[in-house]
Amino acid sequence: TQYSFKEVFGTLVAQKELFDVVAKPLVEDLIRGKNGLLFTYGVTGSGKTHTMTGSPGDGGLLPRCLAMIFNSIGPFQAKRFVFKLDDKNGVDVQSEVEALLERQRREALPVPKTPSGKRQLDPEFADMINVQDHCRVEEVDEDNVYGVFVSYIEIYNNYIYDLLEEAPFESIKPKWNSCNTPVRNGDFVPPQSKILREDQNHNMYVTGCTEVEVKSTEEAFEVFWRAGQKKRRIANTQLNRESSRSHSVFIIKLAQAPLDADGDNVLQEKEQITLSQLSLVDLAGSERTNRTKAEGNRLREAGNINQSLMTLRTCIEVLRENQLYGTNKMVPYRDSKLTHLFKNYFDGEGKVRMIVCVNPKAEDYEESLQVMRFAEMTQEVEVARPVDRPLCGLTPGRRLRNQAFREELSRKLELRGGPIGAEPEEQSAAELFFQSLPPLPSCELLDINDDQTLPKLIEALEQRHKMRQMLAEEFAKNVLAFKTMLQEFDSSVTSKENYIQGKLAEKEKTITGQRTELERLEKKIKTLEYKIEILEKTATIYEEDKRNLQQELESKSQKLQRQASDKKRLEARLQGMVAETSLKWEKECERRVAAKQLEMQNKLWVKDEKLKQLKAIVTEPRAERPERPSRERERQKPLPRSVSPSPAPSTPVAPLRPRRSRSAGERWVDHRPPGHVPTETLLQPCVPRAITVDTPSEKALARCDRYLLTHQELASDGEIQTKLIKGDVFKTRGGGQAVQFTDIETLKQESPTGRKRRSSPPDPDPAADSEWTDVETRCSVAVEMRAGSALGPGYQHHALPK
């Protein structure tokens, strides 16, 4: 498997080479007023803490960053407390006098002082910050003053703790007495977790975090090592003897402000202050509990570590997806304190660098693959955005010009022989005063008989005494005059004070009236605001009612439209049904008319046949055997519409005409009413696979395909006439069953002892009687009636069924 990175370092790489490639550009951006984030990522035991801190004799990234910062801004640092951080992630600037007072107040407090750079360093970490190569940033703005602040926090079990807080961390563990019971420590206050907040620039910061101002590399690293690193939570696991159990964040803040136009003092404008930040993060390593054999607190710590790293990975993946595919998914920064703290970096408020530490152990193979896959994917995310520094509008080179002016002034004063900063006017006045006094004569007595030296000395002293008295009198006069002037001035001041008091009283009355007017206006404003609020609520109610009415109107209009469309469809459907029914009845009428015409023609033809037969019977001689030429002619001559049935000598019974079924598997419902009278005819209706019922039911109809109704009625001759009404069973849309009648068959029974017409006397021979029949017997046949036919008995209708 191959992975591509911007730079790959071997196992023997020096800390300086790693620093020059990775961390040096971030320090340069920090001094230029830009933010930066550097964190180490990898499996537990892969060397993240060593990369960040270093070892004795070879400092890591953190001490080298501090050394480069102070090497660059060393001569341009402001005095302590000139820059003062507030509790809202901002910075204020103070004057030299305010900073001096702040220093004196801090020195008077019984708090431990921050370590000074002049004191002897602890040999435990002295070798780490003894960097031989003096790396510095080129082109530092010399017209600015700088201040460095450091803070150190850790994220433990998704809680943020301040490692520079004065409360001892190890005191969380209870103390045990000789009875093996814990001793209550009433003076101990456990450390409280800190809260993340967002400042006015939408940058995240830790509320109440201790931020120490440092003036040298040694002082800053001593704060990191003694105050913070000793409190960081580490533990012994199966994979690492000193495994970090929390994410540590060392924050370096650099405040810079321009000098004033004279190049002497700091410009007292908060808008001109630039505050940049470099965060150095030592992430805890991801680990698998089945390898570390963790349990209890170690197991909980490992779960929180893995969860925070998984959230970091999820945020990077969502950012990458949003940039590659143009989506706008929400990045889950708030799922972890680690990602929430550095939210502004991922949103573009600085440059982000990540160092991936890999341990070439075979046991870490799977985890190392996951780490490198994630690290390779992070290179596709671009978050850096340029930051514009505020322009002060002052002439560059102010510090150098001020320094050159001071040096030249000092040189000239030294040439004049006076001390620097003396006042020549006061010096000359004193000299003139002492020179006006008479000089003292020589006071040396060389001879015991010398009577001139002492008188001269007495005379000189008397002159000096007189001059002193004159000066005292003049001084008293001056004092009296000055007192008079003071009294006059005091009276004038008093009168002015009285005048001012009167004016102030008038102004106070005016202010009181204006306050009363303001109170009245404020009450009026509150009343108007209350009325406006009521009107807004009323308007909201009316808007809601209007919206509801509009929705109701829309729903009703849609309902009316649906009803109109349904009505149109119904009208079209009814018109179609009317047209179809009209066409159907027209065809039915035409068919019935044709059937009636055919029936009348058949009746006429039958009457003609009967008349012909009767004529033949009447005209035939009795002795001869009657012939049946008409039937022979019938057989020979085809009829166009129907064929006359041949008479049967015996009593005919109409059988059920067999018809071919539509399919071999269809079943019948044989409906026989309760009043059915059985007939004793030889031919009986035989319906195969039938369900015999006396009342049709939906269940029986659902199981069958055909329907048969047996109907009996009394014929005109007094005999029972049976009609077999047949139909097809169909399923309706509503899930029921419907029957459509398609055929009717009529069965009629006749008695052989009915009326007879014989054409011979009643005593012919029996053989001749058997050959002779009456007209009705010869003309009676069984018929099959079709649906829609109205033909009478004795006729066969050959028209096709409907």
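Cβ coordinates are placed from backbone N, Cα and C, and glycine is handled just like the others.
Cβ environment of Ser46 (ATP binding site): Gly285, Cys357, Val358, Asn359, Asp364 lie under 8 Å away, each six or more residues apart in the same chain. Positions annotated as ATP binding site by TrEMBL: Gly42, Val43, Thr44, Gly45, Ser46, Gly47, Lys48, Thr49.
The coiled coil feature in TrEMBL is assigned to 504-580.
Taken from TrEMBL, the feature compositional bias 'Basic and acidic residues' applies to 621-637 (among others).
Look at TrEMBL and you will find 663-673 (among others) tagged as compositional bias 'Basic and acidic residues'.
Taken from TrEMBL, the feature domain 'Kinesin motor' covers 1-381.
Residues annotated as region 'Disordered' in TrEMBL: 617-681 (among others).
Annotation source TrEMBL lists region 'Disordered' at 748-774 (among others).
Fewest Cβ neighbours within 10 Å among the binding-site residues Gly42, Gly45, Gly47: that distinction goes to Gly47. A sphere of 10 angstroms centred on the C-beta of Lys48 (ATP binding site) encloses 23 other C-beta atoms. Cβ contacts within 10 Å of Thr49 (ATP binding site), excluding its own Cβ and spanning all protein chains shown: 24.
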